[in-house]
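Step one of this worksheet: look at the structure below.
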Amino acid sequence: MAEQGYSSWAYSLVDSSQVSTFLISILLIVYGSFRSLNMDCENQDKDKDGNPSTTGSFNNNNTNNSIQTIDSTQALFLPIGASVSLLVMFFFFDSVQVVFTICTAVLATIAFAFLLLPMCQYLTRPCSPQNKISFGCCGRFTLAELLSFSLSVMLVLIWVLTGHWLLMDALAMGLCVAMIAFVRLPSLKVSCLLLSGLLIYDVFWVFFSAYIFNSNVMVKVATQPAENPIDVLSRKLHLGPGMGRDVPRLSLPGKLVFPSSTGSHFSMLGIGDIVMPGLLLCFVLRYDNYKKQATGEVPGPGNMSGRMQRVSYFHCTLIGYFVGLLTATVASRIHRAAQPALLYLVPFTLLPLLTMAYLKGDLRRMWSEPFHAKSSSSRFLEV
């Protein structure tokens, strides 16, 4: 009987919902990190050529202005701002849900268009490689940019009409990739400040908020569906009981959800548990590329083995993320309750990274030195 219970518990860890969560979260982090690195390389090439272009907003030199670098002050106050936003959603959700839904839909549209852009560029390259269409004060856009934005708008509209979880996941994926690609951590010090603060934030709102607010604030906000804007609009305009009343309530794309093979439950992972460790992975990938450009090879102390020297910071941190995600999943199965994933992800990513940086002699440089990477013809670091 005990063996049967253990087998059932072990099977739940390799259920399709858990496997999907693991694979998708890791793929999003890797893809977002390489999109970020590719954007840096494109901007360096344009600066080197001295010929910046004036194309649309998704793939031009103006992306430099869209990139946000988090400094130490912002890293310290971001968990406080996130806590305030969480409380606003907890106490005033009924009042702000429509506005929040519309803002989320707009951001998801732009982010998913960014996600689709490489595919659209590949599809339209034989038809229109360089032609740009002018939209007056809005700028000039390539056919690929227009196609990606149109597909993104169409997907958001279908999601609003159907509320399907798969479309919500697609929008959440776009948000993850866009945030990892457009937000930068400049140093290991800022990374430690941000992730440590968010760990405390996650632990408090999952484990201790119920003692103060008589409810798990994090879980309630994450799982609470919002009213459909179409339904609200039909009521405001008095369009009748049959107009817009059959649209479902919307589960907002602030998380990834995957159904189990039996359909009995969903596995859920917040996009913050992907984006925040993803920013660290993006940082170490850029640092690996920076070192490769500066020195050609990654040096290390003479007593280190060649195999240790060949292991990149990106590989080390990505393995730590996988182990941390696995530990969080096991903990949720053992305690049969929601777990603050960052409680496991932050130590399993930061500690191996700090240890390897110390062993390789890079800790002081990574801790405080900003990036001044040289231009390189190679767009990607081989991993």
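Glycine residues also receive a Cβ, built from the backbone N, Cα and C atoms like all the rest.
TrEMBL: automatically predicted annotations, no manual curation.
TrEMBL lists 16-34 (among others) with the feature transmembrane segment.
Annotation source TrEMBL lists transmembrane segment at 75-93 (among others). Among residues of the same chain six or more beyond the transmembrane segment (75-93), those with a C-beta under 8 A of the stretch's C-beta atoms are 100, 190, 193-194, 197-198, 200-201, 204-205, 213, 215, 217-218, 220-221, 224, 226.
Packing against the transmembrane segment (99-120) from elsewhere in the chain are residues 58-59, 89, 143-145, 147-149, 151-153, 155-156, 159-160, 170-175, 177-179, 181, 226-229, 250, 252-254: each is 6 or more residues past its ends and has a CB under 8 Å from a CB in it. Per TrEMBL, the feature transmembrane segment maps to 99-120 (among others).
Annotated transmembrane segment per TrEMBL: 141-160 (among others), in sequence order.
Residues or ranges marked as transmembrane segment in TrEMBL: 166-185 (among others).
The transmembrane segment annotation in TrEMBL covers 192-213 (among others).
Feature annotation from TrEMBL assigns transmembrane segment to 266-285 (among others). Below 8 angstroms of C-beta separation, residues 15, 17-18, 20-21, 25, 28-30, 32-34, 36-37, 70, 165, 172, 175-176, 179-181, 183-185, 188, 191, 194-195, 198, 202, 222-223, 253-260, 312-314, 316-318, 321, 324, 341-342, 345-346, 349-350, 353, 381, 383 of the same chain, each at least six residues beyond the ends of the transmembrane segment (266-285), sit close to that stretch.
Sequence-distant contacts of the transmembrane segment (313-335), counting only residues of its own chain at least 6 positions beyond either end whose CB sits under 8 Å from a CB of the stretch, comprise 9, 12-13, 18, 21-22, 25-26, 29-30, 33, 277, 280-281, 284-285, 287-288, 341, 343-353, 356-357, 381, 383. Look at TrEMBL and you will find 313-335 (among others) tagged as transmembrane segment.
What TrEMBL lists as transmembrane segment is 341-359 (among others). Proximity of distant same-chain residues to the transmembrane segment (341-359), defined by a Cβ-Cβ separation under 8 Å and at least 6 residues beyond the stretch ends, is recorded for 188, 191-192, 195-196, 198-199, 201-203, 269-270, 272-273, 276-277, 280-281, 284, 300-301, 304, 308, 311, 313, 316-317, 319-321, 323-325, 327-328, 331, 366.
Tertiary proximity for the transmembrane segment (166-185) is limited to same-chain residues at least six positions away from its ends with a CB under 8 Å from its CB atoms, namely 24, 28-29, 31-33, 35-36, 39, 63, 66-70, 107-108, 110-116, 152, 155-156, 158-159, 191, 194, 250-258, 271, 274-275, 278-283.
Beyond the transmembrane segment (16-34), the same-chain residues lying 6 or more positions past its ends with a Cβ under 8 Å from any Cβ of the stretch are 169, 173, 176-181, 256, 258-261, 265-267, 269, 273-274, 277-278, 281-282, 285, 314, 318, 321-322, 325-326, 329, 380.
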